Amino acid sequence: MTLLTYLRRKLGLTGTKLGCAEGGCGACTVMISKFHPHLKCIVHHAVNACLAPVCSLHHCAVITVDGIGTVASRLHPVQERIAKAHGSQCGFCTPGMVMSMYTLLRNNPEPSMVDIEEAFQGNLCRCTGYRPILEGYKTFAKVLDFGLWYCALMYDPSKFIPLDPTQEVIFPPELLNLGKQPPRQMKFKGERVLWIQPSTLTELLDLKSHYPESKLVVGNTEVGMPMKFKNLLYPVILAPAYISELNSVQHTKQGIVFGAACTLTLLGEVLRDAVAKLPTYQTEVFKAILEQLRWFAGKQIRNVAVCLEQTIIKYCFKFGAVLMDDNFFPGYRKTALKPEEILLSIEIPYTKKGQYFSAFKQSPRQEDDIAIVTCGMNVVFKEGSNIVEKILLSFGGMAPTTVIPKTTCKKLIGSAWNEKLLEDACASLAEEMVLPPSAPGGMVPYRRTLTLSLFFKFYLTVKHYLAVDLQHEAVPPGQSSEDFVGRPIMHLSALKQATGEAVYCDDIPCYENELHLALITSTKAHAHILSIDTGEAMTVPGVVAFVFAKDIPGSNITGPAFYDESVLAEKMVTCVGHIVGAVVADTQAHAQRAAKVVKITYDELKPIISIQDAIDSQSFYQPVRTMKKGDTAQGFKDSDHILEGEIHIGGQEHFYLETNCTVAVPKGEDGEMELFVSTQTALVAKALGVPANRIVCRVKRMGGGFGGKESRSIILSTVVAVAAMKRPVRCMLDRDEDMLVTGGRHPFLGRYKVGYMTSGKIIALDVTFYANAGNSKDLSFSIVERALFHMENSYNIPHVCGTGYMCKTNLPSNTAFRGFGGPQGMMVAESWMSDVALACGIPSYEVRRMNLYNEGDLTPFNQRLEQFTIGKCWEECLDISNYMKRQGAVEEFNRQHRWTKRGLSIIPTKFGISFTSVFLNQAGALVHIYTDGSVLLTHGGTEMGQGLHTKMVQVASRALGIPCSKIFISETSTNTVANTSPTAASASSDLNGMAVYNACQTLLQRLEPYKVKNPKGSWEDWVNAAYFDRVNLSANGFYKTPDLGYNFDSNSGRAFNYFSYGVSCSEVEIDCLTGRQKTLHTTIVMDVGKSLNPAIDIGQVEGAFMQGLGLFTLEELHYSPQGSLLTRGPGMYKIPAFGDIPVELQVSLLRDSPNDKAIFSSKVLGEPPLFMAASVFYAIKDAITAARSESGLSGPFRLDSPATSERIRNACEDRFTKLCPPAEPGTYTPWAVRV
């Protein structure tokens, strides 16, 4: 049992959250304190509770977010600052952030900024964009370094509770006394595993001899995940964490010897101390290790991971009598140690004069990521010369084991360190470091090129040694202090989220007789089901029942827009992850174990996986959508030039921190059921065979949604509801399950033909979109339509024709995701805009500016642009970013640097606001006034971190003329506001805000006579007078957006209520040798009308931007040729982390741009800012253009999205890439296919 399960299920401490179950997101972070018998002191460490076995915590104190402060009693300063600095949106990651910072402060009450940033390397957030978290916690730093203090308008740091280290919880004296006693052997016997903690080295050796196949575990970072995700079982585990010989650190004449159970954190501390004290020439290896440790895992992992388990073994160090060379690793995850042997210690040697050592790691994300290729390089020169005496190169990621290119190393001995050596080394490495084109992990040309590029970086390093504001519009003058609209008030749940008291779906206490459900899913992409065998699963303890299609009392047909899906697959599966059935058991562990041993026999059919597969097979859903304006044929004739191109935009996983969760509670009569669901909408009644009025669905809050819980949450909630006909049933998906079954953002292929003049003016456009819809239509129809509505982005093209295809494939159905097809449509637009600029040889910002819309222009769907502010945003962005000066600096930098290049780009966005399905543009609200003057507000929107509830309270506060403190929102439920539209399309503040306002106006009309009678009375006086006069103090509100209704056939009608506009400028720097990139600067100017809440709006801009940064530069889904998702969980799928924030980030909300079409002249902006991250992508493309020019390449070139390090490196064509050409397509089976 993990510590997380123990805390949540045994103790009921639900503040600590389950985000991934593999130590990759930090949501489960807690502080572990113990007396370290070898260091003779109390140590505090942040750890991942999802990995820590309870039995490993003997003599340890555990502090969780629940225990350091509460809203009702006293907040801890760490909790207060993240809340008041607006660093908590959905709040699901907040407890983990709090505990990471709390642990840092327990160890160092006055940390540096470097310490603070390092503390969060193991924490992820999908909502905030990270900036407000760091800004809030910078106030603890010894030396404040805020750069632009652009949060000063949002909160007052002087009012924060001061940190008093003397008031912290002390380490329990009983544990201190126990920790000082001699250790003794302990045994814990579980259901299937024996855990033994030996106390001496002799005991350990005896046990290893008796149990030669046992696993040694200290931090559980290597064994825990295979047991959970690969269904492996290790019957005997030995835990040698407290054996003195394995924890010792010895300084010898040759180097430093670390016991094999020393943690990586301790290793780093000792090496840093040595680097500070020893001569530089002796610490080459130490510095290289420290540099790698910076980017290895997160702080929580480094605190418990030990030397024998982790990456240090990649280097060629001497292990006692065993040399760690290429013979030490005979196979993948295997060593030369015999089963009865253990690793006692590791010696890291000093370097000597004339010896140089470097280590490199290239990964998709720099921090906390698995390497694509890693290497250690060591060279020793003959005394006083540049002649190589010894050289050793070691590569990881080029085979199942570490590879030493012996032939290359042998060739280089005796050579001078010059260009000739470089050429010989690269040619030899290209021949020796080969990979089969179907190698696991893919990226074969890139990995081969990296071996050359990384050696080149080593060559240059050694050669060098040898030579030795955030802005927003303030509220209008004179606005009442009681009017909270336009003020940056804190998210109403932020404090509860920071203390762990905010209740999410899985935090609801377990019901009596409650059962747990696990899904049974298909392992084939397209197949007939021949049989299902549950025999072995029935033998698992605690199994109660199985649920299959035959058990559904109502209809097995479902779908959010088109009824083309099944609740449970019956005769055929159409994707890997298709839900076939479910297991219901007494615990989640038993249910999951049983689900894994259900045997399904298939008759396989040929699957269609990719867009190209669908095009080749003409596998499309109908209808095919087309939008036309003008005469494209004539437009192409009138153009000076015509170019054609295409771009592929990869999919994206939502990665909400709270996975899908449902608790279903049957009421025992008339088919009634209560559902607690983490969802943006709910539809289950049809499957249960009851009217919708028998089902109550309740949503308190979600830990993120981003569109992923708009329709795909139904597939889980329906199954859970079917299983809960007699007893309550709960299911919260593990991260890997959620990623497997729910689908994500649609991959798009855009093909375009553009006619343009020599000046750069674009005359005609013909574009075709192909969206990978997956195995059902879901919402793909509307998503492709949204792409067509945004196919020209912000540019006025006289002649346009756009066509959209929905590709029917055997992938889990792709679905809504922030932007809903708009970002893909606009990304294709910016691709052809970039091509035109490169073809004309004109700066891209000039070509973009000359083609921008103007006030009153017509879009391709014939909607006139009113209150058009793109031009204003553009000029303000140029001004704030100092674009022209920055452009000159970039050009100068590129002239001076060959292998590092910078790029600059400015990108606009125009995003239509409304559901494109007209009937969804409606909302309801219900407002109750109680006799004490308090107000209960309910509306049809759900809270998922976007601050919707907070804004609705602000709207009601202004409408009723009372403080926000008198208004409360409990939850969203179907028995208070019925027939709600999904909380989506960025329209929720507009729709629900107007519905709330409508209800409030009704109540104000009823109270008006009593206000007239008693003009000096209080709110409470008027309410009581009305109550005693028998006036109804409850009111419904309703709103529908007027004058909407676009018709594709006639290309007429109003598609959107209004548009949100924005412009972003970004500067990046790329490493041309590895493809690594860093965003140096981003300026964003967004038109949000008159902001309802600047703090929340700026948080939405930053969060959307970072999510877009992931979409366009980092996040990549890999599918096998058989349609199986290979990237499940944070270990393989990387979202942006703290280290990915732009070095400089400025966000400005456009002033003086009221919007007369929405509540209080505001604009919504959940989705529009996401595309602002495209400025980073096209800045990268600009930098690549500069790199290509060094190789004599010019003109348009293809760069698909995301611009990963692999794509960047491959696009920077040079002599190294030519040595590693890709294999011919069709000559091999790839590890992964582009879908």
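Our numbering is plain: 1 for the first residue shown, then up by one each step along the chain.
Each residue, glycine too, has its Cβ placed from N, Cα and C.
Keep in mind it's a predicted model, so treat the numbers as computed, not measured.
Quick look at what TrEMBL lists:
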type	residues	note
DOMAIN	1-68	domain '2Fe-2S ferredoxin-type'
BINDING	Cys20, Cys25, Cys28, Cys50	[2Fe-2S] cluster 1 binding site
BINDING	Cys90, Cys93, Cys125, Cys127	[2Fe-2S] cluster 2 binding site
DOMAIN	188-305	domain 'FAD-binding PCMH-type'
BINDING	Leu216, Val217, Val218, Gly219, Asn220, Thr221, Glu222, Val223, Phe296, Leu343, Lys361	FAD binding site
BINDING	Gln680, Phe706, Arg818, Ala985	Mo-molybdopterin binding site
BINDING	Glu710, Arg786, Phe820, Thr916	substrate binding site
ACT_SITE	Glu1167	active site, proton acceptor
(request) List which of the recorded positions Cys50, Cys127, Glu222, Thr916, Glu1167 have their Cα within 10 Å of the Cα of Phe706 (Mo-molybdopterin binding site), in sequence order. (result) Cys127, Glu1167
(message) I need the least crowded one of these recorded positions (Glu222, Glu710, Glu1167), counting other C-beta atoms within 10 angstroms of each C-beta.
(response) Glu222
(request) Measure from the CA atom of Glu222 (FAD binding site) to the CA atom of Gln680 (Mo-molybdopterin binding site) and give the result in Å, rounded to a whole number. (result) 36
(message) Need this for a regression test: binding-site residues Leu216, Val218, Lys361, Ala985, filtered to those with Cα within 10 Å of Thr916 (substrate binding site). What's left?
(response) Ala985
(request) Run through the Cβ atoms and count how many others sit within 10 Å of the one on Asn220 (FAD binding site). (result) 24
(request) Using Lys361 (FAD binding site) as the reference point, find which of the recorded positions Cys25, Cys28, Cys90, Phe820, Glu1167 has the shortest Cα-to-Cα distance to it. (result) Cys25
(request) Compare the C-alpha of Arg818 (Mo-molybdopterin binding site) with the C-alpha of each of the recorded positions Cys20, Glu222, Phe296, Glu1167, and give the closest one. (result) Glu1167
(message) What does the structure give for the C-alpha distance between Glu222 (FAD binding site) and Cys50 ([2Fe-2S] cluster 1 binding site)? Integer Å is fine.
(response) 13
(request) Other than Cys90, Cys93, Cys125, Cys127, which residues of the same chain sit close to [2Fe-2S] cluster 2? List them in sequence order, counting a residue when its Cβ is within 8 Å of the Cβ centroid of the site. (result) Ser88, Gln89, Gly91, Phe92, Thr94, Arg126, Thr128, Leu657, Gly703, Gly704, Gly945, Gly1103
(request) Across the whole of the domain 'FAD-binding PCMH-type' (188-305), what does the mean pLDDT come to? Round it, please. (result) 88
(request) Looking only at C-alpha atoms, tell me how far Cys90 ([2Fe-2S] cluster 2 binding site) is from Cys25 ([2Fe-2S] cluster 1 binding site), rounded to the nearest Å. (result) 15
(request) Return the single residue from the binding-site residues list (Phe296, Phe706, Phe820) that has the minimum number of other CB atoms within 10 Å. (result) Phe296
(request) Report the same-chain neighbours of Cys127 ([2Fe-2S] cluster 2 binding site): residues 6+ apart in sequence with Cβ closer than 8 Å to its Cβ, ordered by sequence. (result) Gln89, Cys90, Cys93, Gly704, Gly945, Gly1099, Gly1103
(request) Only counting partners 6 or more residues apart, tell me which same-chain residues put their Cβ under 8 Å from the Cβ of Cys125 ([2Fe-2S] cluster 2 binding site). (result) Cys93, Met97, Ile133, Leu657
(request) Can you tell which of Gln680, Thr916 has the least company, meaning the fewest other C-beta atoms within 10 angstroms of its C-beta, among these binding-site residues? (result) Thr916
(message) What whole-number Å value do you get for the CA-CA distance of Glu710 (substrate binding site) and Ala985 (Mo-molybdopterin binding site)?
(response) 10
(message) Of Asn220, Phe296, Arg786, Ala985, Glu1167, which is closest to Cys25 ([2Fe-2S] cluster 1 binding site) if I measure between C-alpha atoms? They're all recorded positions.
(response) Phe296
(message) Suppose we draw a 10 Å sphere around the Cβ of Lys361 (FAD binding site). How many other Cβ atoms does it contain, all chains included?
(response) 24
(message) Return only the integer: C-alpha distance in Å from Cys28 ([2Fe-2S] cluster 1 binding site) to Val218 (FAD binding site).
(response) 19
